[in-house]
Amino acid sequence: MCDGALLPPLVLPVLLLLVWGLDPGTAVGDAAADVEVVLPWRVRPDDVHLPPLPAAPGPRRRRRPRTPPAAPRARPGERALLLHLPAFGRDLYLQLRRDLRFLSRGFEVEEAGAARRRGRPAELCFYSGRVLGHPGSLVSLSACGAAGGLVGLIQLGQEQVLIQPLNNSQGPFSGREHLIRRKWSLTPSPSAEAQRPEQLCKVLTEKKKPTWGRPSRDWRERRNAIRLTSEHTVETLVVADADMVQYHGAEAAQRFILTVMNMVYNMFQHQSLGIKINIQVTKLVLLRQRPAKLSIGHHGERSLESFCHWQNEEYGGARYLGNNQVPGGKDDPPLVDAAVFVTRTDFCVHKDEPCDTVGIAYLGGVCSAKRKCVLAEDNGLNLAFTIAHELGHNLGMNHDDDHSSCAGRSHIMSGEWVKGRNPSDLSWSSCSRDDLENFLKSKVSTCLLVTDPRSQHTVRLPHKLPGMHYSANEQCQILFGMNATFCRNMEHLMCAGLWCLVEGDTSCKTKLDPPLDGTECGADKWCRAGECVSKTPIPEHVDGDWSPWGAWSMCSRTCGTGARFRQRKCDNPPPGPGGTHCPGASVEHAVCENLPCPKGLPSFRDQQCQAHDRLSPKKKGLLTAVVVDDKPCELYCSPLGKESPLLVADRVLDGTPCGPYETDLCVHGKCQKIGCDGIIGSAAKEDRCGVCSGDGKTCHLVKGDFSHARGTALKDSGKGSINSDWKIELPGEFQIAGTTVRYVRRGLWEKISAKGPTKLPLHLMVLLFHDQDYGIHYEYTVPVNRTAENQSEPEKPQDSLFIWTHSGWEGCSVQCGGGERRTIVSCTRIVNKTTTLVNDSDCPQASRPEPQVRRCNLHPCQSRWVAGPWSPCSATCEKGFQHREVTCVYQLQNGTHVATRPLYCPGPRPAAVQSCEGQDCLSIWEASEWSQCSASCGKGVWKRTVACTNSQGKCDASTRPRAEEACEDYSGCYEWKTGDWSTCSSTCGKGLQSRVVQCMHKVTGRHGSECPALSKPAPYRQCYQEVCNDRINANTITSPRLAALTYKCTRDQWTVYCRVIREKNLCQDMRWYQRCCQTCRDFYANKMRQPPPNS
């Protein structure tokens, strides 16, 4: 849907339905079309004769075809057909095979009335194939219905042939008259920018109560992460409301909805989404009447809730039982992941009255029994954009405006989504992609991982824009009914908004919706994204490929084992129209090693709880980490002295161990297996001898049982011990005999384990309490050159060779900025090509090599010096000192800063102490009175003088009073405005002139009464003309009121009676003069021009 992209291949049933409603006498769209009446015949392979292809002839009229010899009779539902079709001077041979890949076996169109009644299942009457002798050709036909005629599309390159039976013909399609039309495909162009509509969407969220106490363990959940697959299928139920079915008609509504859902399918195939989402319709329900349990009205939320309950009762059912899919028998209802209800009822958000809302959905409701619903208003083919937007909410996508990084841009999930673009022009934002990935990684999306095995998806059809299938007239009929046509006098504006004329109306009307992309708007032009642009070729098929991996991120930890990641983008090149998305993952994680953490440092999980505790306004130091077994990568913290953990974060930081004694790490919220080779997901394990991926032959296992113990204690010869001196230790880890010993106690059961190797002899002691004992089972290993613990060294056999080897690498000396790793030099014994690590004393010290050195952690440091604010000067007058805190900190992935060693920070340490000079005592500022506001009409400033009274001018600048301040004054905004003087009220002698005098605001132009009355200009003045005839008294028309009427006179009000008024000499009466001002004014003028009578 972004610029230059195209629609993916259309699904077969949509193309078939596009031609069912054509009038035989009407061409499709505005493209040139030929019409013929032909007789298709079924033939045998021996009857096929492929002559050379002639050039395409010009337009033709109807002709009657010849009748070929007898052929096999076609029977509906056959698997394969070979048809002969004489068309436009050519013999076309159609090789067809029955094709049901676009439907699930359980798909059906159901018409439901007052009593629920299922329609018959779809017939096995859909065929697809090719035209023999025409490489790249495509045929999609149906032979459905009682009449059994052929309906569908034949495509030969850029030429399309539409076929349907004549209305007056009956019988099987073989040998039956059919009407064919030929049109030439047009090439699409890159889209232009579109306009934003003001249409509203409402997303409903589920309110969750906070969980206290230990979280419950859902038996359906597993520790292993749900891996993000490259393809997911949303099996969708679509229900058409009764008012929509009545408006369009059942057949047209079926065609319309399938076309819309195909557009929705194409939008979710767009490369910008990054994940292939198949929106597949499993059932279409056409309501003849609304069921009693389904309440649809103006209140949007109530309508959506009612539909959700109704669809769950009618078409719901358990999709999963634990982690097992419910088997699908032939009588089972089709699986439903989402449900869409389309209505022509105008609904609204939060109120029970019509408004501009066009869609409502539950956020993240897919797969939920009573939240997987979308409510959409039928507003023409733009319904596709509404459904795509709301299904995005259903799949966990928020509005782009909810993300600061995506706000203010034009994408499908914009708060006011862009209308006027089609699926080839609209794209998904990176925030929508991230929201979708997070939703699909959650366990609530598991229904999308299993698709109805009866479903088939693909069919190879050419890319077409929707406006190439619906002409402007047909789009008007969808919006305003079958009596509507396109307004030709609005053709110059048609791409900005589709204007239609309904039969019987005198003016055109519009819903401000642009026509579909591909609608012709002139010679070699069509509408794209709301503009009329030239046609350009369709881009070629291009599969996406990955860009090179980016640089590794910083390690998530400053000490110990952590995780880092790197990213790549599918833009080298990006997937083109119909192209596939890049296979594999866009993010890769790896283990990173740092220097061991200092002793006494809290665990990484505890540090995260403490960081949250520091940010909390409550008392500090109260939270400690708790690992929940079935949710190891969620951060639970427990208040001190309480056993109820609190969920603090949905996931811990990358590199957090999954448990206190585990090597597996949490990465992106999922517990990942870490092999002994340090690779995420590796299956490498240490053998019993502690060798990674070893065969267990380098050591000898010693084990046995001892049955005289009640409690156990462990002690080395260096006096380190556990449970000694009659003291019982808490479970944990202890450093004894040069190794880490782990002690676990559960009730009376105890376990002591250590990885080794030990450097001192260990003594296992038994503490005897009471009389009952439970026994001890022990196991330990010794190198093959030793037989038992504390046994003296055996003599070295003559065939043994002891040499120094580099057995491994130490950790990096620094965590960033470039450090060194050194090899571990070990003594190795070689016997019969078998190597074994032995004590260093077995090898000669004189030949011990120097360790090898390698550079490591070359990435820049994220550690930096952080300096706090300076303290106040130690002296209030004269010289003193200031102090501040300077710390070396490291930034974690979540933005939290933790203190680290000063050697990790680059550059010199900022100064922590500096000299300062206190302000001289008794230094004060002096300010004068405020001046008048600098503006008399609007905003201005007050000003005053501010001076330092100290002789040296060392007043504290931070306490200096303001010298300017904003002010507003509107006292001088009104003034007198005058109009032009009118013509003189008299044509002779003395008269009056008038003008308009008004008090108006300088800025707004509004009338007011604040102007000074003394300065008001005169509204009247005297004027003088030539001397008048004495017979007419000039004063009768020179009064101010009569002059004003004369000035304002435009025409007579009583045209019929004004001649009588003049003859009866009634013009001097102001009441009659006002109604016949033009006649009376001319009467006086003529009187003044007449000469006086002879005396």
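Every residue, even glycine, has its Cβ placed from backbone N, Cα and C.
DSSP classifies Glu390 (active site) as helix under the three-state reduction. What Swiss-Prot records for Glu390 is active site, and it gives sequence analysis as the kind of evidence.
The disulfide bond feature in Swiss-Prot is assigned to Cys308-Cys373 (among others); the stated evidence is similarity to another entry. In sequence order, Leu304, Phe307, Cys308, Gln311, Ala338, Ala339, Val340, Phe341, Ala361, Tyr362, Gly365, Asn394 are the residues near Cys373 (disulfide bond), counting only same-chain partners six or more apart with C-beta under 8 A.
Annotated disulfide bond per Swiss-Prot: Cys348-Cys355 (among others), in sequence order. Cys355 (disulfide bond) falls outside any helix or strand according to DSSP and counts as coil.
As annotated by Swiss-Prot, disulfide bond applies to Cys406-Cys431 (among others), with the evidence given as similarity to another entry. Within the same chain, the residues at least 6 positions away from Cys406 (disulfide bond) whose Cβ sits under 8 Å from its Cβ are Asp400, Ser429, Ser430, Cys431, Ser432, listed in sequence order.
Annotation comment: Swiss-Prot describes Cys476-Cys500 (among others) as disulfide bond, evidence class similarity to another entry. If you draw a 10 Å sphere around the CB of Cys476 (disulfide bond), it holds 27 other CB atoms from the protein chains shown. In three-state terms derived from DSSP, Cys476 (disulfide bond) belongs to a helical segment.
Within the same chain, the residues at least 6 positions away from Cys487 (disulfide bond) whose Cβ sits under 8 Å from its Cβ are Trp499, Cys500, Leu501, Cys508, listed in sequence order. In the three-state DSSP scheme, Cys487 (disulfide bond) is classed as coil. The disulfide bond annotation in Swiss-Prot covers Cys487-Cys508 (among others).
The secondary structure of Cys495 (disulfide bond), as reduced to three states from DSSP, is coil rather than helix or strand. Other Cβ atoms within 10 Å of the Cβ of Cys495 (disulfide bond), summed over all protein chains shown, number 25. Under the heading disulfide bond, Swiss-Prot lists Cys495-Cys527 (among others), citing similarity to another entry as support.
Using a 10 Å radius centred on the Cβ of Cys592 (disulfide bond) and all shown protein chains, the other Cβ atoms total 25. The feature disulfide bond is assigned by Swiss-Prot to Cys555-Cys592 (among others).
Summarising the annotation, Swiss-Prot assigns disulfide bond to Cys559-Cys597 (among others) and lists similarity to another entry as the type of evidence. Of all the Cβ atoms in the protein chains shown, 15 others lie within 10 Å of the Cβ of Cys597 (disulfide bond).
Swiss-Prot lists Cys570-Cys582 (among others) with the feature disulfide bond, giving similarity to another entry as the kind of evidence. Non-local neighbourhood of Cys582 (disulfide bond): Gly544, Asp545, Trp546, Cys570, Pro575, each in the same chain, at least six residues away, with C-beta under 8 Å from its C-beta.
Annotation source Swiss-Prot lists disulfide bond at Cys873-Cys916 (among others), citing similarity to another entry.
Cys877 (disulfide bond): 13 other CB atoms within 10 A of its CB, across all protein chains. Annotation comment: Swiss-Prot describes Cys877-Cys921 (among others) as disulfide bond.
The annotation disulfide bond is assigned in Swiss-Prot to Cys888-Cys905 (among others) on the grounds of similarity to another entry. Of all Cβ atoms in the protein chains displayed, 17 besides its own lie within 10 Å of the Cβ of Cys888 (disulfide bond).
Residues or ranges marked as domain 'Peptidase M12B' in Swiss-Prot: 232-452.
Under the heading domain 'TSP type-1 2', Swiss-Prot lists 800-860, citing sequence analysis as support. Residue counts of the domain 'TSP type-1 2' (800-860) by helix, strand and coil are 6 helix, 31 strand, 24 coil (DSSP-based).
Summarising the annotation, Swiss-Prot assigns domain 'TSP type-1 5' to 972-1029 and lists sequence analysis as the type of evidence.
For the disulfide-bonded residues Cys348, Cys355, counting C-beta atoms within 10 A of each C-beta gives the highest total at Cys348. A distance of 54 Å separates the Cα atom of Cys592 (disulfide bond) from that of Cys348 (disulfide bond). Recorded residues Glu390 (active site) and Cys348 (disulfide bond) have their alpha carbons 15 Å apart, per Cα-Cα distance.
Classification of Cys308 (disulfide bond) by DSSP places it within a helix. Residue counts for the domain 'TSP type-1 5' (972-1029) under DSSP, split into helix (H, G, I), strand (E, B) and coil, are 3 helix, 23 strand, 32 coil.
The disulfide-bonded residues shown are Cys348, Cys355, Cys555, Cys597, Cys916; of these, the one with its CA atom nearest the CA of Asn483 (N-linked glycosylation site) is Cys355. Summarising the environment of Cys308 (disulfide bond), the number of other Cβ atoms within 10 Å of its Cβ, over all protein chains shown, is 23. Checking each of the recorded positions Cys348, Cys559, Asn839, Cys916 against Cys905 (disulfide bond) by C-alpha distance, the shortest gap belongs to Cys559. Cβ crowding, taken as the number of other Cβ atoms within 10 Å, peaks at Cys527 among the disulfide-bonded residues Cys431, Cys500, Cys508, Cys527, Cys916.
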